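Before any comments, here is the structure.
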Amino acid sequence: MFFSILNGTLTVCRDAAGIAGNIIFLRLFLVNFDGKNHIKRLQSDLNPCLFQGTSLLSDCSYHPCIPTFKRIIRNQSTENFSGLPYIYALLNCLICTWYGTPLVSHDNVPVMTVNSIGAVFQITYIVTFIVYADKEKKMRMLGMLLGVFGLLAIIVAGSLQIADRATRWILVGFLSCASLISMFASPLFIINLVIQTRSVEFMPFYLSLSTFLMSTSFLLYGIFNFDAFIYVPNGIGTILGILQLALYFRYKAKSMEESNEPLMVSQA
């Protein structure tokens, strides 16, 4: 009787955490924020090579891309925006979607749904990018997109050849876990920049909070579902989220003081 009640409680908690993670994920995708513009404000203050790395990694982290693509559609040009982050994000979503399917793991529907929705968003972004890109970018993006689907096909076909369900789960689990952990390279880079510049201008509070809440939701989901391939990467994300929020409050006052400084000093 006790174990039955405990199992039921864990199931309810797991489902609640999964639903919360999906809701926060959708809000994070739809929020009206464009992190790239915040990074660009620092372009004049950073070494060119450092800035290029920051810009690319920030795009991988800042999933809310709607303002960027509104601008692309309005100007009918991709300008200097890179399509690589969306390709990488799509690959991550597809691998994690495959991991969440019943063919690989047990009872991971929230993981499958959240990543399949993310994949739809990324495909929409990529198609829009290709439509408005110049010929050279079109061909490069199409090649990378085909490469993503080809790699996914290899992963799916290869894993299905493994008859033992547990071995298949471990193999795909390691791939999805590695993919998720690699996505945290961007928060680490942004955290380093915050410490170096002592400014949170390019690390908005709402985005940091949403990322922290989403990581925490799936951390709890993974714990309640006894799935290390979910709670390990999201545990790392939760720790980085706490660090981002701590840095935000640490350097917020300084950033506000600098934003209130006059742009020009009168010589009169």
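Cβ coordinates come from backbone N, Cα and C, glycine included.
Residues annotated as transmembrane segment in TrEMBL: 16-33 (among others).
Residues annotated as transmembrane segment in TrEMBL: 81-100 (among others). Counting same-chain residues at least six beyond the ends of the transmembrane segment (81-100), those with a Cβ under 8 angstroms from any Cβ of the stretch are 36, 55-56, 59-60, 63, 65, 68, 72, 108-113, 115-116, 118-119, 122-123, 125-126, 129-130, 133, 137, 140-141, 144-145, 148, 151-152, 155-156, 159, 172-173, 175-176, 179-180, 182-183, 229.
Same-chain residues lying 6+ beyond the ends of the transmembrane segment (112-132) with a Cβ under 8 Å from its Cβ atoms: 21-22, 25-26, 29, 63, 65, 69, 72-73, 76-78, 81, 83, 86-87, 89-90, 92-94, 96-97, 100-101, 138, 141-142, 145. The transmembrane segment annotation in TrEMBL covers 112-132 (among others).
For 144-163 (among others), the entry in TrEMBL reads transmembrane segment. Non-local neighbours of the transmembrane segment (144-163) in the same chain are 83-84, 87, 90-91, 94-95, 98, 103-104, 126, 130, 171-172, 175; each lies 6+ residues outside the stretch with a CB under 8 Å from one of its CB atoms.
Sequence annotations record features per position, and here TrEMBL assigns transmembrane segment to 169-193 (among others).
The transmembrane segment feature in TrEMBL is assigned to 205-224 (among others). Tertiary proximity for the transmembrane segment (205-224) is limited to same-chain residues at least six positions away from its ends with a CB under 8 Å from its CB atoms, namely 10-11, 13-14, 17-18, 20-21, 24-25, 27-28, 31, 33, 35, 61-62, 64, 110-111, 187, 230-232, 234-235, 237-238, 240-242, 244-245, 248, 252.
Positions annotated as transmembrane segment by TrEMBL: 230-249 (among others). Beyond the ends of the transmembrane segment (230-249), by six or more residues, the same chain brings 108, 111, 177, 180-181, 184, 187-188, 190-191, 194-195, 200, 203, 205, 208-209, 211-216, 218-223 to within a C-beta distance below 8 angstroms of the stretch.
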